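Engineer: Below is one structure. I have some questions about it.
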Amino acid sequence: MKFSENWLRSHVPIQATRDELAATLTAIGLEVEEVTPLGESLGQVVVARIVEAVRHPEADRLQVCSVDAGQGELLQIVCGAPNARAGLVAPLALVGAKIGELTITAAKLRGVASNGMLCSAKELGLDSDASGLFELPDDAPVGQALAEYLGLPDASIEIKLTPNRADCFSVRGIAFDVAAACASEVVAFDAGMVAPVSTRTLAVELDAGKDAPRYCGRVIEGIDPSAKTPVWLAERLRRSGVRPVSLLVDITQYVMLELGQPMHAFDLDTLQGPIGVRHSRVGEQLVLLDGRQVTLDESFLTITDAGRPVALAGLMGGLDTRVTDTTRNVFLESAYFAPEAIMGRGRKLGLHTDAGHRFERGVDPALPPQAIEVATRLVLELAGGTPGPVVHAQLPEHLPQPARIRLRRARIARVLGIQIDDADVVRMLRALGMHVEAVAEGWEVMAPSRRFDIAIEEDLIEELARIHGYDRVPTTLPGGASRIAMPSETQLDELSVRRQLVARELQETINYAFVDAALLERWQLTEGLVPLANPLSAELAIMRLRLLPGLVATLGRNAARQAGRVRLFELGKVFAAAADAGAAPGESQHVAAAVCGDALALQWGEPARKVDFHDLKGDLMALAAASGAQLEFQPSTQPFGHPGRSADIYRNGVCIGWIGQVHPRLAKALDIDVDVIAFELQLMPLVQRALPRAGELSRFPSVRRDLAFLVPDEVSWAAVSASVRTTVGPLLREVQLFDRYVGQGVEPGFKSLAMGLILQDNSRTLTDRDVDAVVTDVVAVIEREHRARIRS
């Protein structure tokens, strides 16, 4: 938001200097980005009129001008501006004037004397326009100091507004904050009512419900099309970053900047019937003021005339109904459109307008009737005309209502940590335009209709802190004894998990906790999803159900950039919808890893090979060993896993995760052209561990017996090893699978599993009879329980 310092001071009388004003604005949250002083060195610049302009005898692009500067005699000025002409009124810098770093002196240009310089707005530091001389109105008083005529010195102040402060997109809105911060009061503003002189009206119909609940319109006939924008109004616009265009357009811009209410002016003679406000229809077209033809859909609000669209509500008017230099009859529009109805619509069409910027953040719903009276008064004062009555159409049930909030003095002290005097609380809130009534425990406060951001008690406390001054809130360090939690011996902490995985040459990655719904569909993870109410984007609209979709996508991006060996892991939370509709989503901590490419870094001592299931399983078993977890693996039917190369992971009979190769079809859909091996587990079941217990070391030798069985394909090693452990009992130190074979010599439907049994007793040396008895029992159990037979 850019505005004139003098304009602001006309609404709030303060004694603060310009620097103090800028500091105050920043301190109360209206961050000042730039202050541009205007007209501070124009002491010898006056209003002058060119009486005669002839071509320079030695230069085609120069003119020799005779200029009346109000000194009794004409001054000869050589000028190269393309718009220099007889009768033009423009600023003249007299000899001795200092313009920026340039001091004006009498000089000769191509042999012709020049006693001063006719100036452009840019040369005077008033605007960026350097296309020609700064043209002043024909009735500007010749000889008057330019600074006095233009109301200088002044400054153009630009502030940066946060999205919640839509009320400060106007000079008057800023004035309320300044008044509160400087213990002043905003100058009373009464728009008054302009009495109608004619009965001419246009009917207005509201057919957009809550999106357009208020619309004011007024006909003004017989205005003077030759009327020009007065210099005071044009300068206020220019110093606010708006270039003057024509009187009617400038008046609507002026009202928007002063009050915050965007307006539009239609040429009445181009309108054919009653005004309507409705949602556009698919395929409707409209030529906008900038000459572009746009095709609309049902998401846009349109202003219609006898059914045809004539303007995009809240964004831009139409070309066919615009006001021109010949307009004599005008229809003024002042309306309230809901922010949700305007938000994002301009971006769909590539439009960015001041009106749209304000409407999508929220305009005071009570302002349209006042704004149309102010605009009417300006039109009548500057261009004449006959006003008709204001047509006021509204849907009261859809108009936002000001919030009524109970503010407790005890709550102020609790939130801010300081006591603010009751009188100061009332003064600050009333200066901000709020209605305040005292009650037993504090105050009953009603926020003004322009303050959409005031809804709860904490909003009022924030306003008090902002105006009172954050720098006046003393710094108080929190007290109390700090208690450092002792690490638990019964579980492995996350840092240890990270270190274990890093030691296995895995690199940690941190992905968004939000994923694309389409990505989860590819993984066939569609149940229990938790959608976000306000996603960052459409691609990040679902809370992740697993770590693997995001982790594998990251791995794919790395693999696509010539990374030959990618080894990633992630620790993070996953989310699932609760079974009860009203309950909060559940969340749990998971750990996942994904690898692809070479199994080992390039070296001369080992032949190159690709990473496989058993490599990553070894990494997982090393992690499990750190917590003492005994993991079991069962064939998995997860749809995202390779059907023959994936397994569900169990601990103590409970499934806690998955490991395997990502299904080739899924990898192809993700544009990954290498095999991806991955695992994901619930973290807490993995890291739980029993307190270490010292066991007796046997002084007696161990005995090893190797057995090979033919077992059906569907029988897993986990089931076989479990039977062995149950059968042998405490004599079994370890059972190792050292060979798995399928092929010649093994009948179809079976596989050969070769295992080693390591037996040991703590009290004696095992005899051959002891060992043979154990082996006999193992063979019998495996043959009986798993339909296996000993391989000869």
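Glycine is treated like the rest: Cβ placed from N, Cα and C.
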Engineer: Would you identify which residue of Asp453, Asp471 Swiss-Prot lists as part of the Mg(2+) site it also attributes to Asp459, Glu462, Glu463?
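Structural biologist: Between Asp453, Asp471, Swiss-Prot records just one in the Mg(2+) site with Asp459, Glu462, Glu463, namely Asp453.
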Engineer: Using DSSP, would you call Asp453 (Mg(2+) binding site) helix, strand or coil?
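Structural biologist: DSSP call for Asp453 (Mg(2+) binding site): coil, neither helix nor strand.
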Engineer: What does DSSP give as the helix, strand and coil breakdown of the domain 'tRNA-binding' (39-147)?
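Structural biologist: With helix first, then strand, then coil, the domain 'tRNA-binding' (39-147) has 2 helix, 46 strand, 61 coil.
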Engineer: By Cβ count within 10 Å, point out the most packed of the binding-site residues listed: Asp459, Glu463.
Structural biologist: Glu463
